[in-house]
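The transmembrane segment annotation in TrEMBL covers 88-108, 146-165, 177-203, 233-251, 258-281, 301-318. Summarising the annotation, TrEMBL assigns domain 'VTT' to 165-285.
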Amino acid sequence: MTSQADIGTRLIQCAEISSSSDRYYRPFVSSFSFSGRSTYRRPYRRLFHIRFPNPVPVMVPTEQTTFDIDRSLPGHLKIPKDSISTKAATISVIVIFLTSLTALFLVYQTFPNVTEEEKQHIKLPWNMEDAKQLGIVLNRYKSDHYYQVMAGVFITYIFLQTFAIPGSLFLSILSGFLFPFTMALALVCTCSMIGATLCFMLSQLLGRKLVLAYFPERAAKWAVQVNKHRDNLFNYIVFLRITPFLPNWFINLSSPVIGVPLAPFAFGTFVGVAPPSFIAIQTGQTLNDMTVNDSAFNPRSIMWLALFAVVSLLPIFLKNRFKQKED
């Protein structure tokens, strides 16, 4: 049993994405020991090395953590009571994934009976041919089972987004084939926002350990960019969703780790996925003519995406210009 004197409060700042150096840093892990009223810190392991060409100080919020002193091991600190190990976080994500997969399977059990030939096409589309064959099967049953087909696409899309599984692009194309353009666009944007938000919340609960364990360098670099655009996060998220500079799964997982608020993240996702979804849905309307080697994006569509990306940054540019004039 520990007394009040055995409790110490420390302000801990993430070493992976912050440093006091203005040129470069080599963060390290330290052990703490106590002797009387003195506290000693001994660094014993260096982490990765990052050099920034134009260093920008990053203000990372600190968190207050209470440690218990283990008297059976004099001079050493226990792990914080509210911490979770990387192994425990990984196991928790796997359990949640399997539970969601079971729920998805139960939804598919409500689908109408299909022939053996059609059943082989009821699977996640990984290429244009898979999406085409799945679209042909679902289109046959859409008139009599419209809401079951829509619910299947809706839940599958959210499942892929929540667990950062590839394949949502082909579901966007499939939506353009099955539903009217306006409805398909609203469906895809809504599914993207809900799935990304669930992934954000899952990462906020369990993903910090995983992101900092497996992607520390990439998270550190993005933390610098987020800090530079802290006053314009909505437009910045829109820009990232339109452009391919960062994969969507990494944005979803790392955003809560580096302090991106949920509101600009969610609404920025809804708006930002609209331009690429617009192109994918247009492609879906001609899905019958597509082959396995065809792509949803061509030079013309890429030019449109670049234009949308520039437009998303215009509010930031105008805001900075007005601010300079006022100063």
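Quick reminder: no glycine exception, Cβ is built from N, Cα and C everywhere.
Automated prediction, rather than curation, is the source of TrEMBL annotations.
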If we call contact 3 or more Cβ pairs under 8 Å (sequence gap 6 or more), are the transmembrane segment (233-251) and the transmembrane segment (301-318) touching? yes
Spatial neighbours of the transmembrane segment (301-318) not adjacent in sequence (6+ beyond its ends, CB under 8 Å) are 229, 232, 235-236, 238-239, 242-243, 272, 275-276, 279
The correct DSSP tally for the domain 'VTT' (165-285) reads 100 helix, 0 strand, 21 coil
